[in-house]
Amino acid sequence: MQTYLLSQQFNTRSLAENSTVCPANATNCSGTSCVLPEDNFNETLSIILSAVLTIMLALVMFSMGCNVDIKKFWGHIKRPWGIFVGFLCQFGIMPLTAFLLSLVFNVLPIQAVVVLIMGCCPGGTASNVIAYWVDGDMDLSISMTTCSTLLAMGMMPLCLFIYTKMWTDSNAIVLPYDSIGISLVALIIPVSFGIYVNHRWPSKAKIILKVGSIVGAILIVLIAVVGGILYKGSWIISPKLWVIGTIFPAAGYSLGFFLARIAGLSWHRCRTVSLETGMQNTQLCSTIVQLSFSPEQLELMFTFPLIYSIFQLTFALLILAGYRLYRRHRVKTKTDVEKTEEKEDSKSASSQAKINGGFVSNETK
């Protein structure tokens, strides 16, 4: 009897210890790897934060529109060379890079698919905020984001059909056209209002732009934090996906910049194309993944969009910091050169005055 009680206590203790590793309500468990069902708190938090983030995003895009000149914007639409270069980067370079990274790192088929979905997504709206801070071409940035979101309705199915054939049936991937449509509407309407305000009240538009750029910076950080809270997973993800999530955005920024430069675009447009290429719509990728795969498959792939989001933001901030340092150094150097030239001019003027008996002409003053 005593032996039975000891055994029962041991089993109870063992179950208690295991329950701390993998909760009883987990839908899928493998050792310390668990996928938990979404509780009511997370669901409520998700709804509230989605509403807040949507309102903030609309305000940010409204403020970004306040920096758009309607004539220049229409010029990009009429002569879409910059948009075309961005299109090649967005739906040419990014899917191909995703495909090559999946092959090189030899990831699981289901993991290769999520990398490819990320590569086929349109540009994210955060790129517009960063483009403003690096003195990019805002007219080109807004037009590229709008066009890539619009063209994604046709280009995403085509790219996924081409690149995922060796890993899975492309019909198994569900594309949320309603989400893409909502993203497009949420982008076009506030930007249009911003362009109108800039056209009618330019002085007020500048004030709105400054406020919106600060709110946009807060929004980018907030999205990353919210993603970490809502999508915190206790499952262990493959180290290969961490490496790919680090390399992929860096490759997008670099290749986008070089292709834009080869295409003959100016430096500030090269920076714009670079940001539009590397910054993907990670929220759309997460939505597609959730709609398309089972909990068992999600265990292997679900956190990749969050990983990509973290590193695309990290590299964007590094680009911003590098540009700001370069700009400060350039302005400082330019000021030093101007001061040197002024000293040389004053010296030459004084020497000329000595030669001319103290007379200085108006040209040297």
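Using the three backbone atoms N, Cα and C, a Cβ is placed for every residue, glycine included.
Since we're looking at a predicted model, the values are computed, not measured.
Under the heading transmembrane segment, TrEMBL lists 45-63 (among others).
Nonlocal intrachain contacts for the transmembrane segment (83-105), taken as residues 6+ away from its ends with a CB within less than 8 angstroms of a stretch CB, comprise 76-77, 111-112, 115-116, 118-120, 122-123, 140, 143-144, 147-148, 151, 155, 159, 162-163, 167, 240, 243-244, 247-248, 251-252, 255-256, 259-260, 263, 265, 273, 276-277, 280. Per TrEMBL, the feature transmembrane segment maps to 83-105 (among others).
Positions annotated as transmembrane segment by TrEMBL: 112-134 (among others).
Below 8 angstroms of C-beta separation, residues 64-65, 68, 73, 76-77, 80, 82-83, 86-87, 90-91, 95-96, 98-99, 116-117, 119-125, 127-128, 131-132, 170, 173, 175, 177, 180-181, 183-184, 187-188, 191, 269, 272-273, 275-276, 281 of the same chain, each at least six residues beyond the ends of the transmembrane segment (140-163), sit close to that stretch. Annotation comment: TrEMBL describes 140-163 (among others) as transmembrane segment.
Per TrEMBL, transmembrane segment is recorded for 175-195 (among others). For the transmembrane segment (175-195), the list of distant contacts is 54, 57-59, 61-68, 70, 73, 122, 125, 142, 145-146, 149-150, 152-153, 156-157, 205, 208, 281, 284, 287-288, 291: same-chain residues at least six beyond its ends, Cβ to Cβ under 8 Å.
Per TrEMBL, transmembrane segment is recorded for 207-229 (among others).
Beyond the ends of the transmembrane segment (241-263), by six or more residues, the same chain brings 81-82, 85-86, 88-89, 93-94, 97-98, 101-102, 105, 107, 111, 115, 118-119, 269-280, 301, 303-304, 307-308, 310-312, 315-316, 319 to within a C-beta distance below 8 angstroms of the stretch. Sequence annotations record features per position, and here TrEMBL assigns transmembrane segment to 241-263 (among others).
Among the features that TrEMBL reports, transmembrane segment is placed at 306-326 (among others).
Among the features that TrEMBL reports, compositional bias 'Basic and acidic residues' is placed at 336-347.
Feature annotation from TrEMBL assigns region 'Disordered' to 336-365.
Listed by sequence, the residues of this chain that lie at least six past the ends of the transmembrane segment (112-134) yet keep a Cβ under 8 A from its Cβ atoms are 57, 60-61, 64, 67, 86, 90-91, 94-99, 101-102, 141-142, 144-145, 148-149, 151-152, 155-156, 159-160, 163-164, 167-168, 173, 180, 183, 187, 209, 213, 216-217, 219-220, 223, 241, 244, 248, 271-272, 275-285, 288-289, 301, 304-305, 308, 312-313, 316, 319-320, 323.
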